[in-house]
Amino acid sequence: MNHDGPRTTFDTHTHLHFPALAPLEQLLSRAREAGVKYILTAGVDLRTSQRAVEIAEAYPGVYAAVGIHPGNLAQGYQNALAENIDALKGIALSSEKVVAIGEIGLDRHILSEVLSRGDKNPEDVQSGQNPSISPKAANEQVFALQKAYFKAQFKLAVTLQKSIIIHNREAAEDLLNILSDVWDASCRDRVVLHCCEARQELLDYAIAHDVFIGIDGDVTYSRKKQDFVKRVPLDRLVLETDSPFLTPEPIKRERSINEPSNLVVIDRAVQQLRAETTEEAATQESGAFFTNQVTENALKLFQMST
Ligand SMILES: [Zn+2]
């Protein structure tokens, strides 16, 4: 094996449907040159899930996840849960390249942003009903909707035997409660906590249930994430760029839009951080060994064989 050339890697989380990433031909050839052989692109609502499938169908090495993101639920979704899950199922079954349901989950941060902006009541945005309800109560209603969609999509993934990409922001306790409810034995090695918050209880859950931990470019500048990534067992780690978001340092200083070729920067940063922890990590996890292991993890996560 030529150790000087780029090693094969898997960017397990991107959103290639964002116009900022076009033209995709060039972006994907830069990724290939950097050794990023596999890319997963995730939808965040029905429209972008459909688009994720089209992109995956159009390009070799690109796979799709389809799902409704918790941040996209304030748009008249509450009366149409069954209908939307059915539509999502149709998209999921439309292509062999759909390997996962995602990204799905819970996000209290989005709710607090709406509250602190002092915007229009989120309930008004959502349905036009109950204009007299307090913003806080309205937020709780939107959060209840997030939970309902998360559960329904998790169950859909279990039924369809698809892998699952979980988004969680400031809602770890609720997330773990729901997981204890909907978890199925078949989910082992098939679920990822995307851009995992640096919380010990999430890591404990992941280790106990063979869930993968997604690490992103913020590991290059967040102290919390740096400490966290040292504690994640190597067989639980997967890497992701979350393109076009979360551009790693030092690229971030020049260009704010992230892209899959930057996965190699994250790969290197994580290796270096882990090498600081133990001598064992420094020798055993160096170079190709580390990259091969996280790539294997990703292939296992999405039930793909090489
Ligand atoms: Zn994402």
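One is the number of the first residue shown, and numbering goes on along the chain from there.
Every residue gets a Cβ built from N, Cα and C, even glycine.
Annotated divalent metal cation 1 binding in TrEMBL involves His13, His15, Glu103 plus, out of the candidates Asp242, Asp267, the residue Asp242. In the structure shown, the C-beta of His13 has more C-beta neighbours within 10 angstroms than that of any other entry among the binding-site residues His13, His167, His194.
Recorded residues Glu103 (divalent metal cation 1 binding site) and His167 (divalent metal cation 2 binding site) have their alpha carbons 6 Å apart, per Cα-Cα distance. Counting only same-chain residues six or more apart in sequence, the Cβ atoms lying under 8 angstroms from the Cβ of Asp242 (divalent metal cation 1 binding site) belong to His13, Thr14, His15, His194, Cys195, Asp216, Gly217, Asn258.
Neighbours of His15 (divalent metal cation 1 binding site), defined as other CB atoms within 10 A of its CB across all chains, total 24.
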